[in-house]
Structures are given as C-alpha cells and as structure tokens.
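Each remark here refers to the structure printed beneath this line.
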C-alpha cells in the first residue's frame, strides 16, 4: 500500500486544530471556578456548562471509536447484523434512564464525582473499593479506543501503528492536562462535528461504488445485514442489552457532565439531548456496515478473501473508507474516526484522574490539601493514566477483552451500589462490601471467552465454542447484578438489626457503619451536608465533631445557609438536647 503524504498532512492539521481549541478553552476559562475554586473548574467545569456545549460533550463521550467501529462491525458480521448492534439503542436508553432517575439527585446534592455519595454513606474504605472497577473501566476503555485508532490510521495512510497511537494519546493528554473539563468539552464540540461531517460525506461515495449492491436488495436476502436473533440466543441478547442500558449509567465520564450542569434540570435535559445524539451519530456507522456486507470485495483493490475471512471484520469501517471511497474522502472519514476516538479517550483519562484526586487523595488521605496541591495531583494522574492507557494499547493483545470485562464489573458491582446509595434507605458498609464480593464472585465464576476463562458455574444452556471455551447463554451477568443488589440490602438490614437490638455488642461495629454511623471519619472526610441527610436525633451516643478543614470538603456550600433556618433541624436539635438531659 502506498504511503499517503496527503493523509498524513490532513491528520497533522486536524490534530493541531484540536490542540489549539483545547488550549484556547483552557485560556478562556483560566479564572473560572466558584469562589476561586480551581479544582471545581477543572473537574466539573465550574458548574456552568451550557446546553449546547454540554449536549455535544455528553454525546461525544459515548460516540467514540469503539461505538462507531463496533456498530459498523456488528452490522457487517454474518450471523449478527443490525439485530445485534445493541450499542446505539442500549446507550441511548442508558442516557434516558440516567436523566430520568439519576441526574437530578446527583446534581441537586452538589457532588463533585460519582464516588462522593458512596464515601458519604459508606466511608473511605468502600469508596476505595469502588474506585477499582471504575478506574479499570475508564482505563481499558481508553486503551481499547487508542488501539482502534492506531489500526484505523495504519489502514488508510499506511503509517506505523505505534506512532499513530502515541501521537494521538499525547495530543489528548496535553489539552486535557491544560484545561480539564473545559478543554475536553470544547474540543468535543469540534470533534463531534468532524464525526458527523466525515462519516456522512463518506456514505454516498461508498454506496455508489460499482462493487456495492443495493443495500435494500441485500437486506431482503436470507443472510442479510439486518441479522436475526435465534430463540436460543434471546436470553444472551437480553443479558448484553441490560449490560449496555443499565451498565452505561454508573460511569464517571457521564456523571462528570451531569455534575457540570448549571442546574439539576439542565442535567436531565443534557442526558436526553445526548440520547438523541447517540442515535443520530450511529446511523452512518450502520449504513457503512450494511455497505460492507453488500460489497463484492473481489471487484475492489482489497480483493479476496473478504474482511471476515481475514479476521479484519473489526476494521470494516476504515476498510470501506479506504477501498470504496475516493482518496480525499477517505481522509475526511479518517478525521471522523480520529475525532471519535479522542473525544472518548480524553473523557476517560479526565474521569479517572478526577476520582483519584478527589476521592482517594483528598478525601481519604489529605483533607488539608490546598487547591494548588489537588490541581497538581490531577495533572500528574492525567499524565500517568494517559500513559498507562497508551502502554496497554501498544502492549496488550486482549485490550478489548479486558475492557469488556471491566464494563461487566461496572454493571455488576457499581450499578447496584449506586441504586442502593441513592434510593434504598438503611443500607450500610457491611451490605455494600457483601454485595460487592458476591457480585464479583458470580461474575468471575461465570467465565469469560475473551480472556479464555473457563466457567466454574455452568448455567442452563451453556455450550463449547471452537476453542473449547464454554459460553453461557443464561443471563448470568444480570443474575450477578441482582444478587449484588439484594445482598447489599439483606446484609445491611441484618447488621442494622443485630447491632440495634443488642444481639451484637457495639465494639464489633468495626466499620462504624451502624452504631456510630455518623462517626468522626464520615463527618470529617466525606459528608456532604443537607438537612435531610443528617437528622440529629438519630445520632448514636458518640460526639462527632467538625474539623477545621470540614468546610473544604463540602461541595454544596449553599447548604450552610439552609441549616440554621431548617425547622426540621431545629426540632431535631431540641430533641437531642432533651434526650441528653
């Protein structure tokens, strides 16, 4: 394949433009942040992201390289087709559900990261445990899409894969490092426009190629790109669909946009706009997959065998751009794929560093840390996590499998915990840990074909593939998620009953989760005060004190002005005084 100098120049120009927009956004908003709090400006954009920019950046977070390439691949692969392209509908519904049920309570309580409510209710230990699957999901997501970008660039302009991955990662890390969420959000606007324009320009040229049959005609054939769902695969299809729809909610990349909104209502509207945007952005990828399935590859420069037989089905989108479109059009498409990758990778890197700096470094270890110190921790971790994702993209051969497993962990572990912490009263750290462990155990024992991990528990309908790896048809992932959810509730209420009834002595409450629920650790390190969060007459006989640095950990500062004027709180204080007398 000839080396395309024009393609290299186009990529360089595109990357420089993205870098310029990111630096410009950082410079424009360098003094942003409520009351001079630069940390809040970097993590949640000063909570003043508007509808237009917010809608673009939330859409671009999901419409990444994996979303575009994966949708085209699912439509193209024989035996799967459009019926198995679940990501567009699944992720769109996850945004709708997030907007309906999760955006308002998260934004109205003034949290800074997704892990804040967990540390508020369960303490720093549980926050640290939940940080692990959240970090794994973000890192492997970024590594997988960096890997996809390198392969895409190598297909179209014949440049070394490693160089393309490293340069792309450096650009994304650089503007994220400089401007935080502002840079990510403003570059997402440009990137989403490039995705839309680049892919839609490519579709008519690819569709009109002489080697491509009418996609309406091929859709009516027996083995069509529309695909079908066999009766034996219905439960597996539903399991994966629920994973996308419900497991697409508990991601820091999503809640970072929710929490950056100027109000809870805006957060909901952004979610609905992004759901619509995800559906629209999936249309050209679906058409490209259908075009690939309708192409006689022997009539193209690609030749035979076709991409499926060469095991290049995952690269069908860049292959269509390269061999069915004019050269200059394929460069537009390449810019679209590059934009899609960078718009998701920068979000993942920023999300991981935000959670570490806020929930691990500050709330768990350095409550007295200055604003400048936290900013430097964020910058260092942006570089470290970005470099780690790049290294995984270059070295790991099973990045997609690891990301797949990490997505499962987000669905099975974090989603039920989020349900409990937001909507189930009475859950505590004991239940959270039990639910975490049970969900993880059921997921691992169910096996994972991507990692060649054989199952230890065989559910009804399992079978062996060509590699003699057993695959489960039973929806065991959803079973693991539900088990984690109900275990959390059952163990929490059991622990509450045992301690409060006197069956267990208070000294055995080593996590301070029941007898001393509002202990000094929780009060000082992770509590976000609301008058409906802490009822003083429910305090156990301990003396929680507010440290001198407590004010710095509060994110909803308006709550201070509401505390003294709350009639409910005043009555609770009177009751407490009476009881102590």
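Keep in mind that glycine also has a Cβ here, set from the backbone N, Cα and C atoms.
Predicted, not measured: the structure shown is a model, and the values here were computed from it.
What TrEMBL lists as transmembrane segment is 6-27 (among others).
The transmembrane segment feature in TrEMBL is assigned to 48-68 (among others). For the transmembrane segment (48-68), same-chain residues at least 6 beyond its ends with a Cβ under 8 Å from one of its own Cβ atoms are 32, 87-88, 91, 95, 141, 144-145, 148-149, 152, 181, 184-186, 188-189, 191-192, 195, 199, 248, 253-254, 257, 260-262, 266, 269-271, 273-274, 277-278, 281-282, 285, 317, 336-337, 340-341, 343-345, 347, 403.
Per TrEMBL, transmembrane segment is recorded for 80-103 (among others).
As annotated by TrEMBL, transmembrane segment applies to 129-157 (among others).
Look at TrEMBL and you will find 163-182 (among others) tagged as transmembrane segment.
Panel annotation: around the transmembrane segment (189-207), residues 14, 17-18, 21, 52-53, 56-57, 59-60, 63, 68, 215, 277, 280-281, 284-285, 287-288, 291, 320-321, 324-326, 329-330, 332-340, 342-343 of the same chain, lying at least six beyond its termini, place a Cβ under 8 Å from a Cβ of the stretch. Taken from TrEMBL, the feature transmembrane segment applies to 189-207 (among others).
Marked as transmembrane segment by TrEMBL: 234-254 (among others).
What TrEMBL records for 266-295 (among others) is transmembrane segment.
The transmembrane segment feature in TrEMBL is assigned to 315-341 (among others). Here the transmembrane segment (315-341) has Cβ contacts under 8 Å with residues 4, 6-7, 10-11, 14-15, 18, 60, 63-65, 67-69, 72-73, 76, 145-146, 148-149, 151-153, 155-157, 168, 190-192, 194-199, 201-202, 205-206, 209, 211-212, 285, 288-289, 291-292, 295, 300-302, 307 of the same chain, all six or more residues outside its ends.
Residues annotated as transmembrane segment in TrEMBL: 374-396 (among others).
Per TrEMBL, transmembrane segment is recorded for 402-424 (among others).
Per TrEMBL, transmembrane segment is recorded for 436-459 (among others). Residues 126, 129-130, 398, 400-402, 404-405, 408-409, 412-413, 416-417, 465, 467, 469-474, 476-477, 479-481, 483-484, 487 of the same chain lie 6 or more positions beyond the ends of the transmembrane segment (436-459) yet place their CB under 8 Å from a CB of it.
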Run the contact check on the transmembrane segment (80-103) against the transmembrane segment (266-295): 3 or more C-beta pairs under 8 Å, excluding pairs closer than 6 in sequence.
yes
For the transmembrane segment (374-396), name the stretch out of 129-157, 163-182, 234-254, 266-295, 402-424 with the most CB-CB pairs under 8 Å.
129-157
For the transmembrane segment (402-424): best-contacting stretch of 129-157, 163-182, 234-254, 266-295, by Cβ pairs under 8 Å:
129-157
To the transmembrane segment (234-254), which of 129-157, 163-182, 266-295 is linked by the most Cβ pairs under 8 Å?
129-157
Go through the chain and flag residues at least 6 beyond the ends of the transmembrane segment (266-295) whose CB is under 8 A from any CB in it; none is fine as an answer.
51, 54-56, 58-59, 61-63, 67-69, 71-76, 78, 81-82, 85, 87-89, 91-93, 95-96, 98-100, 103-104, 106-107, 192, 195-196, 199-200, 202-203, 206-207, 209, 211-215, 217-219, 224-225, 257-259, 307, 316-317, 319-321, 324
